[in-house]
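Annotated features, as they stand in Swiss-Prot:
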BINDING   334, 336, 491, 506  Zn(2+) binding site
């Protein structure tokens, strides 16, 4: 990503730094095989919503807050009160020129203005020529990029030596399409560019009269026109930065885009130079929100405060006493909001059932190889590097069978895509799929054989395993009072014929199901040598406690128990409890499906919920995390009696057991951040689907194994498809920024935020809300930013409510 600084003049070095900053303003697009939720505002977390709204209006013509009719409806329904509005208005004072309360309310009668991005040279040239130059540029870059970035879908791979810009330069110098469309001499123009993409950026900037101040948002603007290609380049940069390496793909793509505009400027300079000078002058001005954007930000904050009031009431009415004595079953689920519905249903089966919430990778981020495969899957959060390696091993004969089957499947896939056979494939082979289609539609298919148990490979020392087990149990607030049976339930989704399948899997497991992580941890905790080591460190696991790995299928609310992983002794001592558990899980699944069916279109029966997982044409097999709005880290007793509607991330946390607040620090810096990415992806895909959404599933075509096109051309679409947030009648996700509720001392949270400026920025700039719960389970304190707090129930305009830490 970084240039060799000693080889460039000072003026170019300033542009290099600006280009690198622009690259980081773009969110990453993870490939379909390991797709995870990404915060579309990742590069803007250092500024508040209103400023980001102004920035994205300038560089993308993007509106990132709901229409005012949305808030007007909430106000009329009583969901937003005048108190909410007054507090939101008071909270914004000092940052911007704030309007009066009357002005804020009056604004609802007028639609907010539609933002217009500053035009590129290509758009100005299109205006004077009548030729759609932006579309041509998108088409030619996409035609090249689809092959250049291909991850195995294409039969013929492009050469990738020399870097992204160099590869495009070789392609474009021979691509006659722009010249045929009227961009005369373009091939020669490209051939004359320097092979250094930094030199190309420098030359184009000079030719277009771009100084450093104007380049900041101008570079961002050009990258926005590249859509998913720039975002995939940002993913490559993200991955290399995790490994301490460098990557210049995004800035090389910027150079490619600028070369097009440089060539167009040379062709149309006489007609557009005056207008382009105005654009450059506009890029030089500071990014400042308009009064309309400030008003919209106030309404957004008011809606979130209203939701926090309702959350406080729900939690107060739902608090229950914890299980007395030893629980018969403890079931640990991922904090994913989909688990909340099932946990509530399971706890309703018997008072001796206790559920826990923890990040779905269960503290073991693993670089994993499935049985019969050499492909390494990162089964952990994208924020972390894998801490261990694992592999699912089986007998050599079975391993070879899997490999031969996989090769045959790949060969069949290549036959489908080959230049000649692809034309006749549907007519010749379509009938072969009829049986499979009928079988799946009637739910007659057999269950997929479970993977063999994963094991750490290479193995690690006993001392390391003991420390790992202690760390995980401490983070789960599970260091005493173990039940007879402790279920460790990862989660995964069962969907058919969906390019976005990995987006419904466990985000904490890198877009994979959580079965591997659950099975690894269960094996670790069932190890008698590990238990002895834990006992020496003060964690006593009873001799009759068994850890049972499981997988919660979120599409069907069924649970797979990996009993085959247990020893004969563990099977024997847990037989009676496992028998009860299976009955409880069956009934809990029935209740959970009935609750979820109320939101799902055409889900009138329990069978129809199952059918969605196997239906090849189903665009909404489940709602995923649509509706997520809160994150609660507290003892389960604070939430177990509350119906949170499958809209809250629930993390077990007992601060009194957290010596030094290391677990609290982990929660704030890892699962809270991951949850914010999820929440803001749903937010962005709902309020700005054209920019941050994945488009219409019915029009999707996979490109390069990276992402999807909407149609057969253009750039990959990032974010969630429209069907993932909209039921055909109304949106299923209320665009609210996440409210994080933690039962812990404010001083400890402030101290942690002071050590992590990136996390603090999320709260200081309002991308997340932070609320402290007191020891009675009440929402007591609200984080105000700048390490200051105010009482949750106090009007925000009351100075005496402030408490600096």
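Even glycines carry a Cβ here, placed using N, Cα and C.
Overlay of Swiss-Prot annotations on the structure.
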residue: 334; record: Zn(2+) binding site; DSSP class: strand
residue: 491; record: Zn(2+) binding site; DSSP class: strand
residue: 506; record: Zn(2+) binding site; DSSP class: strand
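In sequence order, 333, 335, 338, 339, 360, 490, 492, 505, 507, 508, 509, 514, 552, 554 are the same-chain residues whose CB sits within 8 A of the CB centroid of 334, 336, 491, 506, the residues recorded for Zn(2+) being left out.
Cβ neighbours of residue 491 (Zn(2+) binding site) (same chain, under 8 Å, six or more residues apart in sequence): 333, 334, 336, 338, 339, 360, 505, 506, 513, 514, 551, 552, 553, 554.
Around the Cβ of residue 336 (Zn(2+) binding site), 27 further Cβ atoms fall within 10 Å across all displayed protein chains.
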